[in-house]
Amino acid sequence: MLPRIKSKIFGDPIAEEETPLKCRAMSSLQKSILKSRLPPTGLSYPNRMTSRKSRDYTPTTWDLYFKEKHSVVVSETDTFCAYTAGEEGNPILCLLHGGGFSALTWSLFAQEVTGMVHCEVVAIDLRGHGETVTSNDDDLSADTLARDVGKVVEHLFRDRPEPVLLMGHSMGGAVAVHVAHMDLIANLVGVVVIDVVEGTAMEALTSMQSFLRGRPSTFNSLEHAIEWSVRSGQIRNCESAKVSVPGQLKSIKTGEVGVTMISHEAGSSNSIACTEILEEESEVDGEKEKAAEQPEMPPPGEEEKNGFTWRIDLRKTEQHWPSWFQGLSQTFLELPVDKMLLLAGIDRLDKALTVGQMQGKFQMQVLSHCGHTVHEDSPDKVASIISNFLVRHKLAEPCENFERSVPAC
């Protein structure tokens, strides 16, 4: 029997390969040839590891991927940040991020999908996340988050007849299902949920506090945070991490969100203030000042004052976690719109969804070699899947470079 050589790179096993026994011994001729190719003694060459160019973790700005940034004022105390891409007059993709992330988690996906089908993309910073400011950032109950999304969409597209597709990742996927179930968007035609299943999500809640405590609580710089995110595997796509991570952090010293600081330094000029308040007739004096305020920080240690910490402390929102996922599978199956479930692994499917998928109640797609942030790790593949879903259901028109694919799980 032939021996096997198993290799590991950075802790990840790679495929084994057969190695013939005769290849293990080197002939005298081979040895002499190799010796003749060796450099003369006494010469020094730079170490390959030290001379290799290090990876760039410099943060990038949102306007490389989105067309405009909107400040949507929905009440006297609540102002939501939303990013848009694509052209008006086309079907609308409303994107909802997962817990702890921000709208910028969709940056690369937005760029890819708008190049495949004619659509308009809007990505929203949910309550307590990114540059959104509310009176109670810790109220992350499913109903509150769903109503927030309904208000933002109504404000941005109230007079628009175009169909709307809701797409959410993790917590955002659960919120998308609740928005559809509560009928908060008039022109809703479809729901896409990314890597969230009721059964596995409820089981994971018991270990969520341990996971959150295991993360670094502070970072010396945005570059440090981006590097940690990539090296830890939280986000496997470095380009995506460079634009996504700054929206997840805020300055310990000033409370300013990382993406805001980057925009100021870069001089981004595509921001639009939407100051009209839904169901309100007048503005309150000083409202703009309230909208610009950031939540107060606990007094940091003297050595941490110039660093960064997480934009939201998810540990304080534990009471709301069950509301995101309880009854999610059945609610998803009962939605009277086109549905898709996109997973990072088939093992995440629970019983209700397994039966529903066998009955053809929704389309399912599994992407291997991806982490939990599927849309960040493989934005091109996810964009292709969503584009084909839109075209197949006649919800959007393809662009010239569109490539059709057969759905598979």
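We number each residue from 1, going along the chain as drawn.
Including glycine, each Cβ sits where the backbone N, Cα and C put it.
Among the features that TrEMBL reports, domain 'AB hydrolase-1' is placed at 95-230, 307-384. If you look up TrEMBL, you'll see Ser170, Asp195, His372 marked as active site. The region 'Disordered' feature in TrEMBL is assigned to 281-306.
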Separation of alpha carbons, His372 (active site) and Ser170 (active site) (Å): 8
Least surrounded among the active-site residues, given as Ser170, Asp195, His372, when other CB atoms within 10 Å are counted: His372
Secondary structure content, the domain 'AB hydrolase-1' (95-230) (per DSSP, counts of residues): 64 helix, 24 strand, 48 coil
Alpha-carbon spacing, His372 (active site) to Asp195 (active site), which is rounded to whole Å: 7
Tally of residues which DSSP labels helix, strand or coil - the domain 'AB hydrolase-1' (307-384): 40 helix, 13 strand, 25 coil
Overall pLDDT for the domain 'AB hydrolase-1' (95-230), taken as the rounded mean: 94
